[in-house]
Amino acid sequence: MSNPLILDGLRVAKEIHQKTQERAQKLRKQGIVPCLATVLVGDNPSSHTYVRMKAKACEKYGLTSVRIHLPEETTTEELVAKIEELNRDPRVHGILLQHPVPSHIDERKAFETIDLEKDVDGVTSHGYGEVSMGFGQYPSCTPAGIMAILDYYKIPIEGKHAVVIGRSPILGKPVSQLLLNRNATVTVCHSRTVNLPHHVSQADIVVAAVGKPRFVQGDWIKPGAVIIDAGYNKGNIGDVDFEACLPKAGAITPVPGGPGPVTIAFLLKHTVDAAERTLNAKQHVKQDLA
Ligand code: NAP
C-alpha cells in the first residue's frame, strides 16, 4: 500500500485558532473580552495540566480565563452553587467543568447545572440532545475536533461505514451522532460488544475512544481505512497501536498531535461563539429600545 496520510491535528487546530483570535480581537474592540471559566475540583495532576493548558491557550489567542480551584472535599451542593454563580456572571461566556470530579460528587448533576448558553464543552444533556438533532450550538469539543480533522482533509463521510469504539457521553456517543448526521452508517461498539475485531474490520472510518493504550490492533483494520485515535493515555499513548495500524491505514491521526489540540481549539472557538451571542443579544435589546 502507498504511504498513509498522517492527519495532523496541530495543523487543523492552528487554522481554527487563527480565526478565533481574529474574532476575539474584534470583540475586544467592542468592549467584550471572551472569557472561559474553568472549574477544577481536587488535585488530580492530569486535570491540573489540562486546565493549565486551556488557560494558557486562552491567553495566547486573545481570550481570558477565570480559574476556579475547589478542594477535594467539595460537596455536590457546593460545586452546583459555584456553577450557578458562574452562570449568573455576565463576564463569563463559557464554563468548563474539568472531569473526572472526585467520586463522591454527582458529576451529572454538576454538568446539568451549566447554563445551556455557557455549555461550550457540550456536556449537558440538553446540549447533547440538540446536537444529536442536528441544530445544537456547541457539540462536545473532541467530537467536534474529530469532524474538523475529517473535513480539513476532505475525507468523505457520507455513505461510509464508521465504527466508533466507546460510548461515553462526551466522546463516543456524540461523535457517533455527528457522523450519523453527516450520513455515515455508524456502528457503536463498547465493552459488551461481541467480536469487536470483526466490527472494526468492516470500517471505512474507525474512531477509537476506549481509554486503553494501544488497544486497536493492526490486523483488525480494513486496508485503506481512516483511523482517528481520540485516546490519550499516560505517557502520550493513544488507544490505537499506531505502528501496527500504520501499514494498513489509508489515513491515521498520531498521538499526540491528533484530536487533542483540535479539542482545545474548539473550546476556545465555542467560547468566542458564546461571547458573540451575548454581543448580538445586547445589540438586539438596544434596537428594541430605540
Ligand atoms: P470512558 O468514559 O472511560 O469511556 C470508554 C468507553 O470505551 C466506554 O464506552 C467503554 O464501554 C468502552 N470500552 C472500554 N473497554 C472496552 C473494550 N474492551 N472493548 C470495547 N469498548 C470498550 O472514556 P472517554 O472519556 O470517552 O475517553 C476515551 C479516550 O479518549 C481516553 O483515552 C481519553 O483519555 C481520551 N480523551 C481524549 C480527549 C482529548 O482531548 N484528546 C478528550 C476526552 C477523552 P462501556 O460503555 O461498555 O463501559
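The backbone N, Cα and C atoms fix where each Cβ goes, glycine too.
Quick look at what TrEMBL lists:
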- 7-121: domain 'Tetrahydrofolate dehydrogenase/cyclohydrolase catalytic' (DOMAIN)
- 140-277: domain 'Tetrahydrofolate dehydrogenase/cyclohydrolase NAD(P)-binding' (DOMAIN)
- Gly166, Arg167, Ser168: NADP(+) binding site (BINDING)
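Around the Cβ of Ser168 (NADP(+) binding site), 15 further Cβ atoms fall within 10 Å across all displayed protein chains. Of all the binding-site residues listed here (Gly166, Arg167), it is Arg167 whose C-beta has the fewest other C-beta atoms within 10 angstroms. Taking the mean position of the Cβ atoms of Gly166, Arg167, Ser168 as the NADP(+) site, the remaining residues of that chain whose Cβ falls within 8 Å of it are Val164, Ile165, Pro169, Leu171, Gly172, Lys173, Val188, His190, Ala209, Val210.
In this model, the domain 'Tetrahydrofolate dehydrogenase/cyclohydrolase catalytic' (7-121) carries an average pLDDT of 97. Helix, strand and coil residue tallies for the domain 'Tetrahydrofolate dehydrogenase/cyclohydrolase catalytic' (7-121), in that order: 60 helix, 18 strand, 37 coil [DSSP].
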